[in-house]
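Engineer: Would you mind keeping the following structure in view while I ask a few things?
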Amino acid sequence: MSSSRNIKQALISAEKKLLLRFIGLLLFCLLLVELAVGMLFFYDLYRAETKILTSMASEYQRILKYDSAQRLTHVLEANPERLIDNKISVFVTEANKPDQVTLIVGDEMLSPDLGSRAQQQESGNWIERFIFNPYLVVPVKGDTQNFWLVLDNQKRYVIAFENWITTVYAMLVMLVITSIFTQRIIRNAMTPLVTLGNLLEQLRHGKLDSIEPIKAPQGLSIVSASVQEGVTSLHHTTTVLNTTVDAIAHDIRTPLSRIMLSSQTALMSEEDTDESKVKEALADCAEQAMQASNMLTALMKLNDERVGKRKIKKVSTNINEVVEKVSSWFEDVAEQKNITLMTTSVEEVVIESDPDKLTQVLVNLVDNAIKYTPEGGQVTVDIEKSCDKGVAIHVIDTGIGIEYKYQSLIFERLYRVDTSRSNTEGYGLGLSIAAAMVDNLGGTIKLSSQVGQGSRFSIVLSHS
């Protein structure tokens, strides 16, 4: 089973677990909310019922006070619908006989202990009055008779319960909709991990050149993009390594072939071969061996620069003196090619740097500039103070220039724009070593070039 398929299955399982956990947590929260909402509904019902009872009791108390008990009894019996609709029963007791209870309106099955119920409700909270007690009792006291308004709480619960059920349905609908959208969000959030799985699958099969970049990565896409950048860098390193191995094999094969040819020619010749020819063959072998040795030495030097084996000895360095010295070494070479070599600078610039390494870098750049500039051209070494209190050294030529697509590659080891590798001496290591040295000096080297107009190599160094 491929790693991509394994990752997909793992993500599907993780998606289900996350969704179930989310639904469970959401359901628990909704239950708490529903519990609170139910309590609010019952409290609101309690307040409404208490208000109705209090209003009726006040009305009946006025009749009892300003009229008579008989008049109140007549009013209650004449208009019972209002009481019945609100599930309220009315009982009457004689003032001197509280145990004798007579039903006037309502449910005759209700026979509460009216006095004790009224006393309990005066001291308890609303939950005790409305939830734990089956009745709400409000007295209307007169001189000879006491009237009791009794509300059957349980018959009024249905109002709050119906409202609560409505909210439960609404919550369930919200739970379903939220779960659907959450599943899509989780799936979209995990999609980059599927992409990452495909990326790893391509990496496993070595298909690094078919990876497409991620546009504007966000969320988990950043992880995938980071891995993709690493894979791209690995692909670049692998490509450079393959090119380097091929270039080394190519450059070593040539001198080795010359050595083999010269030695075989000398060995296969007749015994009376002229001694001068033997010496010539040995000299050719020595020259080719030296060429191979020089290339390997340059490779080792480049590796030492990149891994930091060559220590930097920073001292107070006069940039003007270094540039003038390097330019003086190439005056004769430039004159032979009829090339104008000039230096331009501002006032004296002194920084903390390694003059030997800086000299090697400038030698390489000036040598390349003269080598690739045709007769009658010009090479300029310019010193410029940069805005960050550092210094910039520009090596400018009017040579053949370099195409834009090659400009980011010329600092790679053994890379040449001329892939034939036959018409220019060298190993393609000079700019790689120069770039490594500049990096060790804490600076940067950049190239700007146009084909047919020339190139400009810029070295930027800081004072420290």
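Just so you know, glycine gets a Cβ as well, placed from its N, Cα and C.
According to TrEMBL, the protein carries these features:
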TRANSMEM  20-43  transmembrane segment
TRANSMEM  157-181  transmembrane segment
DOMAIN    247-464  domain 'Histidine kinase'
Engineer: Residues of the same chain, at least six outside the transmembrane segment (20-43), with any C-beta under 8 angstroms of its C-beta?
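Structural biologist: 126, 130-131, 157, 160, 163-164, 167-168, 171, 174-175, 178-179, 182.
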Engineer: Under an 8 Å Cβ to Cβ limit, what residues of the same chain, 6 or more beyond the ends of the transmembrane segment (157-181), are close to it?
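Structural biologist: Result: 19, 22-23, 26-27, 30, 33-34, 37-38, 41-42, 44-45.
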Engineer: Taking every residue in the domain 'Histidine kinase' (247-464), what is their average pLDDT?
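Structural biologist: Mean pLDDT, the domain 'Histidine kinase' (247-464): 78.
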